[in-house]
Amino acid sequence: MHGSNQSGVSEFLLLGISESPEQQRILFWMFLSMYLVTVVGNVLIILAISFDPHLHTPMYFFLANLSFTDLFFVTNTIPKMLVSLQSQNKAISYAGCLTQLYFLVSLVALDNLILATMAYDRYVAICRPLHYTTAMSPGLCILLLTLCWALSVLYGLTHTLLMTRVTFCGSREIHYIFCEMYVLLRLACSNTQVNHMVLIATGCFIFLTPLGFVIMSYVQIVRTILQIPSVTGKYKAFSTCASHLAVVSLFYGTLGMVYLQPLQTYSMKDSVATVMYAVVTPMMNPFIYSLRNKDMHGALGRLLLGKAFQRLT
């Protein structure tokens, strides 16, 4: 990847949410706190699942990978933003911007695909419980995860390579906290029709198809739960997928706030919505999955307190 594109632009300026020094100091400590909470929360989820044999199941296997994706996602964007806020150096190189864009696009797609895979896992667990062990075998789980990674890498690579064809000859200012595809396309002074067409085509496949799959899975899950005679049974079945449903709602809700609009209307106000899916969602996921999950509570307790926790339980 070259250090500058054909137009001679060697860097961009990430202006962030605010240019006020007072607000930037507040933003620095706010985002630093959120980043540390996100890192600690997701690392604990990964370690708890890795070291606790009780959590070596398909559901927690995919959850660990979701936490890893979220951890990588925030590390791709927030540290650079914190350095910019602290040093007041807003510049990011052309190559650095495209690298950030690649990981951003790939990891958002990976998050989306893993959530769809987790929806399938919940569908099998609730609608076909007798076949769960064979239907969600370790080999199939690894195959599904590999497919998720392959599609995400291909998706990110496609849009990053297309972005290298775009010419930038006007403003270098990005009123955002990171290099985002919509913003870069608005700064372009060359024809971006191909980028738009590929973005629509691949976006429909990589996002709408998994979303449709998630919806269909939950339609079947709800039908199955409604057929359970006891209230206790209904509650127990629903509780196994409540956390996943909450994360799906948060992910697609915040993503839709940003991208379900015409490119021409994309403006600085959308940077606030972007913070929601780029910072808040990865931070909230560990809390959502551990809030009412007894297995996760136990695993985290054993991880942090060891034998002392075991004696108490």
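Numbering starts at 1 and runs along the chain as it is shown here.
Cβ coordinates are placed from backbone N, Cα and C, and glycine is handled just like the others.
Since this is a predicted model, take the numbers as computed values, not measurements.
What TrEMBL annotates here:
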- 41-289: domain 'G-protein coupled receptors family 1 profile' (DOMAIN)
- 26-48: transmembrane segment (TRANSMEM)
- 60-79: transmembrane segment (TRANSMEM)
- 91-114: transmembrane segment (TRANSMEM)
- 135-157: transmembrane segment (TRANSMEM)
- 194-216: transmembrane segment (TRANSMEM)
- 237-260: transmembrane segment (TRANSMEM)
- 272-291: transmembrane segment (TRANSMEM)
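Using a cut-off of 8 Å between Cβ atoms, the transmembrane segment (135-157) and the transmembrane segment (60-79) share at least three residue pairs, counting only pairs 6 or more apart in sequence.
The listed stretches are 26-48, 60-79, 91-114, 194-216; of these, 26-48 has the most Cβ pairs under 8 Å to the transmembrane segment (272-291). Taking the domain 'G-protein coupled receptors family 1 profile' (41-289) as a whole, pLDDT averages 86 in the prediction. Non-local neighbours of the transmembrane segment (60-79) in the same chain are 31, 34-35, 38-39, 42-43, 45-46, 49-50, 100, 103-104, 107-108, 110-111, 114-115, 117-118, 121, 141, 145, 177-178, 247, 278-279, 281-283, 285-286, 289, 295; each lies 6+ residues outside the stretch with a CB under 8 Å from one of its CB atoms.
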